[in-house]
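Quick look at what TrEMBL lists:
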type     : residues                     : note
BINDING  : A:GLU137, A:ASP166, A:ASP204 : S-adenosyl-L-methionine binding site
REGION   : A:290-321                    : region 'Disordered'
COMPBIAS : A:290-302                    : compositional bias 'Basic and acidic residues'
COMPBIAS : A:312-321                    : compositional bias 'Basic and acidic residues'
Amino acid sequence: MSQFTEYKDLIQEGDIALIWISRGNIKAVTIDSKETFNTRYGSFQHSDMIGKPYGSQIAIRTRGTGRFAFIHVLQPTPELWTLSLPHRTQIVYTPDSSYIMQRMNCSPHTRVIEAGTGSGSFSHAFARTVQQLYTYEFHPVRYEQAKEEFKKHGILDENVIITHRDVCEDGFTIKPTDTTSAQFSEEEITSGMKQLNATAVFLDLPAPWDAIHHLDKVIATDEQVHVCCFSPCIEQVDKTIESLENNGWTQIEMVEIQGRQYESRRQMVRSMEDAMQRCRDIKRRKKEGIEKKQSLIEREENNNTTSTNTEHTQREPFTEKAKFNPFGKGIRVKEGDPGYKWKQVTKIESEIKSHTSYLTFAIKLVDKTRNETLVQECLNETK
Amino acid sequence: MDSSKLDPLKQIALDQFVIITLPSEKCKIVELKGNTSVSLGKFGAFHVNDIVGYPLGTKFEIYYDSETVETIGGDEPVKPNKKNKITKVNIGKVRIVEKDTKRDDGLDNVGNSHNNKELINLGSDIQKMTSDDIEALKKQSTSANEIISKIIESHGTFDKKTLFSQEKYLKRKKQKFDKQFVVNYLSANLLLQYLIDKNDIQRIMDMSEESIGMLLNLANIRPNGTYLCMDETGGLLIYFLLERMFGGDDTTGATGKIVVVHENEHPNFDLLKYSNYSEKFIAEHVIPISILEYFEPRTVEEVELDFKPLSREEVSELKSGAKNTYFRKLKWHKIHLQAIDVATKWVYDGLVVATTLHLPTLLPQLGKRVHGSRPIVCYSQFKEVLLELSHTLYDDLNYLAPTIIETKCRPYQSIRGRIHPLMTMKGGGGYLLWCHKVIPAPEPELIPTESVPNNDKGDTVEK
């Protein structure tokens, strides 16, 4: 059973879990009752997690300070995995990957080719949804790492086949002699290759035009096939379009996806009336201060004529403590402090991904014929 | 798959809804019935039997020869009684468009100009053919290419145009005179596109393909999950979920279910009528429940007070009329009992919401029966609505890291050497709020030997 394709209720020994420490700090761990998970806030025993439902908050008091610290234990999903994974390469993020999957109509009927595997982020998202994923990686170390990871995550046994291959040089066919995770049936051994019949192709390669012409051997011929080429530069797009046109792909369209995240914040509502009132207050206090001082001086001058005691003249004039301070000036006010009025606002992330890659889509339909006898039978049935 | 039948996921089959793309890039949804014909208005008409069996996505061209005499009433399914004039459309034959490239060969034989300095705007005088001439040509049922090349020939200053504007001119004319059309599988994407083109933005809450695509991924939709859903789009969101879970196929054996909470007496799944799932399949996998039934479920006792199932012997003694009534009542009884389970026992693998109900009060209630660690994704046309929700969820320890997300697709003119973003694109497309259901821990006991901390809040309180 794969952690990535089945919903689990409880955290169990041997599970791969994602530990959420904070946004941007999510760690994958294998649950082992003898282990502890250490953070700078304290240590969390795996044994405290085992048996609890996924999503549980695990709380501790740290030994030194006695502070309350906690983490959340989550079951991995492809999207959470994307946020936590070890980057072997630049990865395809969720705004791009989700659009690509939707546009290529990915469903339990789709057989996908992905080249290259890279960090395997998109592979996990494909594997969740599609019937079969064929992924190719030309870098030998990354191939091994990805294969191990897919195995550990249980998706290699389900619907993922990874092959070590430079697809630009050697195309996409998978033969029994290749370095691949594929298992071959008797029939496939006799025919010397796997029948891929891919219905969707994702090419994340520096030179997709060197790979496009190899696709004809491995794509389905009796139904529409979608392709998406993922390239950061416009010059690559131009060459990709040329290659797609020359190889019979149609409905070519390039798009760009812009994903944005917003922070929910609050801004203090500071009314004009309060601002004016505050000015009046300052003015009044200033005036009163001067008046008080003056009256004091006057009184003391009067007193001076009757008394020689000058102690009183040294005293500071009395000031009232409660200033009119509607905006909390001079105090540290926490955003959202219930003593003040707030307006809910959004703020865009301080750094946004302004460009990931251009997505060039196209469609190919190889066999545009129909089975006349079958059609006749169907028509006869409808009288 | 039964090989003696057409596969409606791959081929154009009978009794299937398909979506036809016209030369004008407009779309039309058609249910294909054997031995009938389909009119595409000014673009012509064709016999359904002529296209059945070809793969979905095939591009056809309507052509006419001397044998064509049959006619069909105009484009009535789209706009009935347009100006009370029902025009007859000739039913043509179809042929497959083999070569389907973007580049236009029509311009090979005409000259062009590097710039437009010699181009003077003379209005319609520049065209020597009158609209009557063109109409006459159309009546002769000449092919689109012939009409267009005649128009170009009679165009006084066509060679003074730059290549760029020539291509634009050609594209415009093709959209007008071409008789080519593509028959596509009615995917959720194309249904959405169709509704957008029809300007049904309000009905579909201004959703974009990219927003729904991201919603499906963030909600981790799988074939075997049980999802809680609110859908105010008349079933569009449910169709997207169904397509992602089952790929248009009743027979995958996947066990996923979608519980749909609706706010009227009856749910509105209008758009599902276009889907190719059987009624039985939909009844099994899409379970509607009213918001009242969900939040104030009846008790089993109450339901059983209304109706008591009979024993087998008692049933067999019923007369046939009474038997039918009995079984209909039994069916409803079972639905009522299931509704209680749905509201009180089922635990959900995800919550997906597209509603205009007040979210800060609704969502924490709907979230109660969502399993820990499962995603919650809420769609709204307006960011401010999700902002209010996100503040509410921030203060609720049952929800982890609410995040407001926007995604936008920017399409480009995708012609070599002339790549640039399109001049106009759709605004809107909505926003998503994404978070995970979590289970807060009770505050742990103080460690007795330690001094009492002065900061009880802890410093990892970060969401």
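Glycine is treated like the rest: Cβ placed from N, Cα and C.
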Those binding-site residues listed as A:GLU137, A:ASP166, A:ASP204, and which of them has the most Cβ atoms within 10 Å of its own Cβ: A:GLU137
Most distant Cα pair in Å, residues A:GLU137, A:ASP166, A:ASP204 binding S-adenosyl-L-methionine: 12
Secondary structure tally of the compositional bias 'Basic and acidic residues' (A:290-302) (DSSP, helix then strand then coil): 13 helix, 0 strand, 0 coil
CB-centroid shell, 8 A cutoff, S-adenosyl-L-methionine site A:GLU137, A:ASP166, A:ASP204, site residues removed: A:ALA115, A:GLY116, A:THR117, A:GLY118, A:TYR136, A:PHE138, A:HIS139, A:ARG165, A:VAL167, A:LEU205
Three-class DSSP secondary structure - A:GLU137 (S-adenosyl-L-methionine binding site): strand
